[in-house]
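K.L.:
Per Swiss-Prot, the features are:
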| type | residues | note |
| --- | --- | --- |
| BINDING | Leu125, Gly129, His130, Leu131, Glu249 | (6S)-5,6,7,8-tetrahydrofolate binding site |
| MOD_RES | Lys234 | N6-(pyridoxal phosphate)lysine |
| SITE | His233 | site 'Plays an important role in substrate specificity' |
Amino acid sequence: MTAQSTSLTQSLAQLDPEVAAAVDAELARQRDTLEMIASENFAPRAVLEAQGTVLTNKYAEGYPGRRYYGGCEHVDVIEQLAIDRAKALFGAEHANVQPHSGAQANTAVYFALLQPGDTILGLDLAHGGHLTHGMRINYSGKILNAVAYHVRESDGLIDYDEVEALAKEHQPKLIIAGWSAYPRQLDFARFREIADQTGALLMVDMAHFAGLVAAGLHPNPVPYADVVTTTTHKTLGGPRGGLILAKEELGKKINSAVFPGMQGGPLQHVIAAKAVALKVAASEEFAERQRRTLSGAKILAERLTQPDAAEAGIRVLTGGTDVHLVLVDLVNSELNGKEAEDRLHEIGITVNRNAVPNDPRPPMVTSGLRIGTPALATRGFGDADFAEVADIIAEALKPGFDAATLRSRVQALAAKHPLYPGL
């Protein structure tokens, strides 16, 4: 047997025990802890299987029926399924399922619709926006003239009057509605009105809340926007990747911007996993999971607004949530964001530190937390479980917390909802 054929048939554990051991350790971590990073989720086993198939071997530059390589008849079927399912799920006229990530999807939209130096208007990163919406250190802030709108200091909500005033002043070519850390629904009708008043195109980045949209629990931006981008993980719960939805008249530009504009060969194994995830997202089981996601976030926000939490300097930004995440302001707490993240990690809950508007601390420290419920809802958590998690978090962020007791409560919840049994 040749060395080549040996490597072709060996298992991961046989061929590379170091990587296999790290993968096993990560599976154990996911099983034994509570994942509450708002952008993370657990992909269905069928999604994992699709992504681990022989499709990883296939190059397929181009689009279904128009490839630059032979032997694409089967990947054409899969990619067309993904396209059709995305269009049906969100009511879109056009879908491109090839972007490798949400950032790549946003890049492709800019490449398709804008020229270097054009003006864009997006939510300030420090107020909950995203790097790709015009941050100065990101390509979007280097190549484009980025103007930022903000949330109001009084209530933490987007100031739509400011959005309108800035749009009239700067005449952006593209207005971006979307966020990475904002706990309320967006007023897409108002954004559309402002775009129409100023002759701008409207892009909605729904990466965080796409799953809620699919389940009918959040307004659908597709009827309002010229282009919608999203990731396929987060609340959608699929593989890590991107997706673009657009009006039909923009479809050719979008496709050309993705390939050959920004990418070469698409990742057909990931596109297959996207197709599977989009099928799941059209099911009642998925909608029920999203209802628990939303309910869990509201339960968490309610617990963290109780008097004992307030006395510990804990404040919920905007006073609550309409989505899958809660933003916690710790400016008046004994903890900064990094310390709070570490404390929760110590007891087995994974979250991420997050800047709050006008944060006095540096980005690697911050004064806040972003806490999400999608992964736990996928794991099967219901209202009673979320109430227990919320109380554990509240107790952990207060002075004099009992790490051992709280860790035991976390372990009990993890054991109650086993993850990937038999994997």
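Every residue gets a Cβ built from N, Cα and C, even glycine.
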K.L.:
Using DSSP with the three-state reduction, classify Leu131 ((6S)-5,6,7,8-tetrahydrofolate binding site) as helix, strand or coil.
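P.N.:
DSSP assigns Leu131 ((6S)-5,6,7,8-tetrahydrofolate binding site) to helix.
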K.L.:
What residue among the binding-site residues Leu125, Leu131 has the most other CB atoms lying within 10 A of its CB?
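P.N.:
When each Cβ's neighbours within 10 Å are tallied, Leu125 tops the list.
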K.L.:
Through the lens of DSSP with three states only, how would you label Leu125 ((6S)-5,6,7,8-tetrahydrofolate binding site)?
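P.N.:
Reduced to three states, the DSSP call for Leu125 ((6S)-5,6,7,8-tetrahydrofolate binding site) is helix.
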K.L.:
Only counting partners 6 or more residues apart, tell me which same-chain residues put their Cβ under 8 Å from the Cβ of His130 ((6S)-5,6,7,8-tetrahydrofolate binding site).
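P.N.:
Residues satisfying the criterion: Asn106, Gly122, Leu123, Gly178, Trp179, Ser180, Asp205, Ala207.
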K.L.:
By a simple count, how many Cβ atoms lie within 10 Å of the Cβ of Gly129 ((6S)-5,6,7,8-tetrahydrofolate binding site), its own Cβ left out?
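P.N.:
Counting Cβ neighbours of Gly129 ((6S)-5,6,7,8-tetrahydrofolate binding site) within 10 Å gives 25.
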K.L.:
Around the Cβ of Lys234 (N6-(pyridoxal phosphate)lysine), how many other Cβ atoms lie within 10 Å? Please give the count over every shown protein chain.
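P.N.:
So the Cβ neighbour count for Lys234 (N6-(pyridoxal phosphate)lysine) comes to 27.
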K.L.:
So of His233, Glu249, which of the recorded positions has the fewest other Cβ atoms within 10 Å around its own Cβ?
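P.N.:
Lowest Cβ count within 10 Å among the recorded positions (His233, Glu249) is Glu249.
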K.L.:
If I take the alpha carbons of the residue listed as 'N6-(pyridoxal phosphate)lysine' and Leu131 ((6S)-5,6,7,8-tetrahydrofolate binding site), what is the distance between them in whole Å?
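P.N.:
Rounded to a whole number, the Cα-Cα distance is 17 Å.
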K.L.:
Among residues Leu125, Gly129, His130, Leu131, Glu249 annotated as binding (6S)-5,6,7,8-tetrahydrofolate, what is the maximum Cα-Cα distance? Answer in Å.
P.N.:
31
K.L.:
Using the alpha carbons only, what distance in Å do you get between Glu249 ((6S)-5,6,7,8-tetrahydrofolate binding site) and His233 (site 'Plays an important role in substrate specificity') once rounded?
P.N.:
27
